[in-house]
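**Student:** Got a structure for you, written out below as structure tokens; questions coming shortly.
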Amino acid sequence: MVNWAKVGWELYTTADQGLKLWDTLWRAARPLGGIAAGRGAFNSLRLEKGYRSFGTDMTYEHDPYEAGVGFAVKADKEDFVGKAALERRRADVRRKLTCLTIEDPRAVVMGKEPVYDGQRAVGHVTSAAFGHTIGKGIAYAWLPAELAVAGRALHIGYFDQRVEAVVAEEPLFDPAMSRLRG
């Protein structure tokens, strides 16, 4: 059992107990407004909150500052292995994992699509989903730092189409974190 961001739970069981667990939880949850949600719902919610997925949005080749997780670095600690290198990287961020919103509800973006500034390919989408809470599409993409400015209009290539996208401030949902604080 895993507490997921203090607002949900992820449960694990054996296959032979799965149906019994499901029936028990479903009977208890329905009267309380519980809903059945899977991986797609979690992906949508994590994008709305700006949570990165290691292996999808970022890997070991990315540093914390360009990936948007620099807050997790305790740079004020006394010396640690890699501290000087991280300080140099923080001072010279050249690319950023950037939140984009997509207004057109008919637009489909799945991930791995190219991002364009005019006719020039400038990056690629890592994750995408429809944000049901905010009512629009969301994509995260690696972009040059100079293009990762809120309000910047770009396009995402989807087969032979160009989908309009706008760089957005993040997180898109509950920026004050009041929901998690209760």
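Here the Cβ of each residue, glycine as well, is placed from N, Cα and C on the backbone.
Computed from a predicted structure; not experimentally measured.
What TrEMBL shows for this protein is this:
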DOMAIN    7-77  domain 'GCVT N-terminal'
DOMAIN    95-174  domain 'Aminomethyltransferase C-terminal'
**Student:** So what's the mean pLDDT when you look at the domain 'Aminomethyltransferase C-terminal' (95-174)?
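**Tutor:** Across the residues of the domain 'Aminomethyltransferase C-terminal' (95-174) the model's pLDDT averages 96 on the 0 to 100 scale.
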**Student:** In the domain 'GCVT N-terminal' (7-77), how many residues does DSSP put in helix, strand and coil?
**Tutor:** 32 helix, 5 strand, 34 coil
**Student:** If you run through the domain 'Aminomethyltransferase C-terminal' (95-174) with DSSP, how many residues end up as helix, strand and coil?
**Tutor:** 3 helix, 46 strand, 31 coil
